[in-house]
Amino acid sequence: MSDNVQQQVDSVGSVTEKLQKTNISRPRKYIPPFARDKPSAGAAPAVGDDESVSSRGSSRSQTPSEFSSNYGGRREYNRGGHYGGGEGRQNNYRGGREGGYSNGGGYRNNRGFGQWRDGQHVIGARNTLLERQLFGAVADGTKVSTGINFEKYDDIPVEVSGGDIEPVNEFTSPPLNSHLLQNIKLSGYTQPTPVQKNSIPIVTSGRDLMACAQTGSGKTAGFLFPILSLAFDKGPAAVPVDQDAGMGYRPRKAYPTTLILAPTRELVCQIHEESRKFCYRSWVRPCAVYGGADIRAQIRQIDQGCDLLSATPGRLVDLIDRGRISLANIKFLVLDEADRMLDMGFEPQIRHIVEGADMTSVEERQTLMFSATFPRDIQLLARDFLKDYVFLSVGRVGSTSENITQKVVHVEDSEKRSYLLDILHTLPPEGLTLIFVETKRMADTLTDYLLNSNFPATSIHGDRTQRERERALELFRSGRTSIMVATAVASRGLDIPNVTHVINYDLPTDIDDYVHRIGRTGRAGNTGQAVAFFNRNNKGIAKELIELLQEANQECPSFLIAMARESSFGGNGRGGRYSGRGGRGGNAYGARDFRRPTNSSSGYSSGPSYSGYGGFESRTPHHGNTYNSGSAQSWW
């Protein structure tokens, strides 16, 4: 045995001696195959060198620019960027605190982002592919355009109370940042809507705002424009130093400066897409978090930078509890569709976010509330969240736009399918049609019926997965599927261009829901048509529906008037609901600033009497849209 071992040792020694004589040695660095034939001066550096592309385990410390926006965190992340440390640059955001930021280069520029460097806003390079994705090509039908009735917005009555601030009549610098104006122009905006004319100077002057405006009037841009303009001018805020950063493992935490809360996933995604347009080539990085999607993917997204965050309340609370998001740096808080969030039971989550988490105090931030309706309980809630705010009411809250031609027809439940097909056969091929039903089962059943009848249709409701809902919206927006059957999930806030027809297959029990449903058409000054199937099952909203039609100067069919009289016989039906919630009539807080006493039932303290959102003192009612079964073209 010892002889065999000695022979093996001798053989190994001889091989080693031969290798030394032939000058063959193990390479000290790994050289990739594609670089082995190149001169040594041009060889790719080995993995592990300072110049190399880092491996997965060290990528965060090697690419500080990837995580340069609004982050504090563990010490090992501070090697490339000054996160939460004393070496950060001086900035002038709300007092010019030091530290917290180091905006690197390549990553953001490659993705259409700029950077904040040495107190200056450095605009990123243009990205033509990203521009086409964000803003579309010329005459792109998937992008909303200004309608032919856009100029009529100037006739809409506007009430502003709580401040003497002059409105702006066009997009100019000042008050808006010059780079933001370029993105506004790329987006196709030519003139501000009434809500934008007033919200821009109010927010840029530093005031809180409660804004009531008709659906489709540009509320989203109404808060994005002034917020982003201030952000572009003042730069990022310093990240607070995490006192526990060095005590064991702690997850990386995002510190956004703007938080936008919305009730539904679809609305959050829509706000996020609008934010991407106006943040293009700037230092501001927008992110979105919402339920129904992979939270790990959303965490990876905010790990790459999060300055402007759009979120649903439930998912945001989850991420706050996980320690992934801090609200200690919030300068702007936006509550969009606030009444809807309370209707959906989000008040505990909203109060936890605003009052229970580490949110900045009401004195340290600007708070904005935007919605189409603001009932009394919402205005009372505003006292806890807003300070010395300006109340803005554009048009009569709870009404509909005269840009929408409304028609109510009497259809029994058993005849609805046949009646629907009659309508769809008369519609032009261009344009999109949105059909609202009350139940998820009916949405799927009606979609199958339309597909079997050779109509391209899809559906969206709460039982569909987030991926299915996003896919359905994509097909509908692009026009590949021109008909969408939806439940209430699509009735609020969604801005889908080119929706020319809305059909209420099932009428809702709440007149506000009807307002939001038909508001999916006739947006941004464009015209639209809305038809409602009405029968005895809907008599509870007959009276309010008549008021709505009269305010918008629409035709009221005789059967609807008779049904309203029948439902109100011996009582006031459901009309009493509005005396407490704030819709039409009485001292409806939804139409005026509840801080101001008034003797007027309209909610406006002065000025002439206006009719609905049309804003005209007198107007001849619409005629000629009575249905005639002998002529399909007489629908509109």
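Heads up, residue numbers simply count up from 1 along the chain you see.
Glycine is no exception: its Cβ is also placed from the backbone N, Cα and C atoms.
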In Swiss-Prot, which of 53-81, 82-110, 169-197 is tagged motif 'Q motif'?
169-197
If one consults Swiss-Prot for phosphothreonine across THR128, THR204, THR509, THR527, the residue flagged is THR128
Can you tell me which of these residues Swiss-Prot lists as phosphoserine: SER52, SER361, SER618?
SER52
Checking THR312, THR620 against Swiss-Prot, the one recorded as phosphothreonine is THR312
Checking 164-167, 336-339, 376-379 against Swiss-Prot, the stretch recorded as motif 'DEAD box' is 336-339
Treating G and I as helix alongside H, and B as strand alongside E, what does DSSP give for the motif 'Q motif' (169-197) in helix, strand and coil?
13 helix, 0 strand, 16 coil
Pop the Cα-Cα gap between THR128 (phosphothreonine) and THR220 (ATP binding site) into the table, whole Å please.
25
Taking DSSP as the reference, which of helix, strand or coil describes ALA213 (ATP binding site)?
strand
Counting other C-beta atoms within 10 angstroms, the emptiest spot among the recorded positions THR128, SER217, THR220, THR312 is THR128
